[in-house]
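My structure is below; once you've seen it, I'll send some questions.
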């Protein structure tokens, strides 16, 4: 949620920054016009309530003076004022709901360092990384070797990814991990969680269903309600689209102790997504599923520390890819490509040799106080004694299924086997996946 005082006091600047976020010109004008109506109604209601108090005093005085005529007139005036207050309250309730709904649909404002542009073509690469020794690895080839297979093809050949039965049981974009596939997925997320614990994150096991209030606090609702899986009576609960929702809401409606900041937390969870806008995209494989595992990182920080913590969180995500020795690059997203609640986002994209391009595997964002305002998450500043909103940061560390897919593509061998990355071998128990040990 944006600070309405900032929007009022910096109208032109705020309007341009919203246009940069692909908000239509005029949306802010409508919001501020309704906000002024709301404030005007509040002033009128306060004046009438003050008048009601005066009339109440007049009634008391007239009764004490046994002036029945004056008392009856004052009572009549009271009834008139009460009716006016009731009418104003009804108008105020309607305009407040309108203002709140409009404000809830406005995205966060981008940090000035974010590249301005309407789409992903304006994203800017920050850095690129690949292992120093790529001997025998597909990524070392200037051209994709003819034997190289897409991750879903080699997964099916080895019998470790079963898409056909996933579709039979649950429909499109579902699968079964089988044998070594399930063990590889488990090895990957256990490795990720252990790395983040070493980096200072406290591990949580969160609920997988949350209330609509929780979805509102992190910015998924009301704008993206069609992308969610709503369940329960009257659709009062939602399957989490990311552990970010459960992690941020862990401290919703709380005043944190300043000594807790920065607070690092992490969790593994399934993510449930409708993928409403993904028709025809990535219809095969692990890239775009309705249910997938993801390790999430979240931070609560002081405002002055949040961008330094954003850089650290990005490095924490990069650390996973570097230890897995998977080629990747980091891009800073443009104003038109960032997520709804983000003020700045870095995407990590891992190399997929069969696609001859990088694919997103992590998105790391600073939401500044956008979520904290919606979720009322504050701390008391020890210097001023005043309450301040924390800044919240979130990042994938990483999307587990996409990591498995990247391993299958980058670590496959000409004989159809998969070499297990060295850091995963203590978790997986073997150094290769072949047809002989796939189950």
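Using N, Cα and C of the backbone, Cβ positions are placed for all residues, glycine too.
Under the heading L-serine binding site, Swiss-Prot lists 242, 243, 244, 296, 396. Residues annotated as ATP binding site in Swiss-Prot, with sequence analysis given as evidence: 273, 274, 275, 360, 361, 362, 363.
So that I understand the layout, could you describe where these features sit and how close they are to other parts?
According to DSSP, residue 296 (L-serine binding site) sits within a strand segment.
Within the same chain, residues at least 6 positions away in sequence whose Cβ sits under 8 Å from that of residue 275 (ATP binding site) are 173, 227, 288, 289, 290.
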What is the Cβ neighbour count of residue 362 (ATP binding site) at a 10 Å cut-off, with all protein chains included?
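Looking across every protein chain shown, the total is 29.
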Find the shortest Cα-Cα separation between residue 273 (ATP binding site) and the binding-site residues 242, 243, 296, 396, and name the residue that gives it.
242
For the L-serine site given as 242, 243, 244, 296, 396, which other residues of the same chain have their Cβ within 8 Å of the site's Cβ centre?
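Apart from 242, 243, 244, 296, 396, the close residues are 245, 247, 267, 269, 271, 294, 295, 297, 298, 394, 395.
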Same chain only, sequence gap of 6 or more: which residues have a CB within under 8 Å of the CB of residue 296 (L-serine binding site)?
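Set apart from residue 296 (L-serine binding site) by at least 6 residues yet with Cβ under 8 Å, we have 242, 243, 244, 247, 266, 267, 268, 269, 394, 395, 396, 397.
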Could you check the binding-site residues 274, 363, 396 and say which one's CB has the fewest neighbouring CB atoms inside 10 Å?
274
So, in DSSP terms, is residue 243 (L-serine binding site) helix, strand, or coil?
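Helix, per DSSP.
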